[in-house]
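What Swiss-Prot records for this protein:
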type    : residues      : note
BINDING : 139, 155, 158 : phosphoenolpyruvate binding site
């Protein structure tokens, strides 16, 4: 699709530590299942887009198995901190690439069309393209052309940090707004939003998207909201 030589990094936490904000509504097994299914969906979209070489950055053996199953390259993650891990991966790879795409593995609705559009938006050099979360606070997808354009500053309020760094450097900053890329699965409410958008038809998530489970999640989120408002 693209004349650019692109590296794609998909960072993944250890599955036992994933989605801890949902611990009050989903048990450990359900959280692992949620992460594995959404990760496979993200990797499938990336493979269908055919925009570059895909690398999973992780330390979990089960994630490595997914990489093997889908013929995706695997980079062992040597640390627990996201930004240093990504910097190490970029340092190992990106001297051989024209651009870098970072996609998180908890985007159940992302499509190959979304990925192609983001790359197309960032085709001029230098440029940074961000797909923010639905709160316009975090960053779910980041495209850098060239790969070393900006330091990684993922974490709370990363959207504003990337924007500010682009402004300081005089770099083109572009935003891709899409329901598909905005919905990440960090909070119990995100499960309810996914069910509202897609019903109960995501293969592998039938148990989590069961109406009974959704009712329990809705009750917990309502109680949490009431406590915050009290």
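In case you wondered, yes, glycine gets a Cβ from its N, Cα and C as well.
The most densely surrounded of the binding-site residues 139, 158, judged by C-beta neighbours within 10 angstroms, is 139. The record assigns 139, 155, 158 to the phosphoenolpyruvate site; their largest pairwise CA distance measures 8 Å. Under a cutoff of 8 A between CB atoms, and with a sequence separation of 6+ in the same chain, the neighbours of residue 155 (phosphoenolpyruvate binding site) are 82, 83. DSSP gives residue 158 (phosphoenolpyruvate binding site) a helix state. Compute the center of the Cβ atoms of 139, 155, 158, which mark the site for phosphoenolpyruvate; besides them, the chain residues with Cβ within 8 Å of that center are 138, 153, 154, 156, 157, 159, 161, 162.
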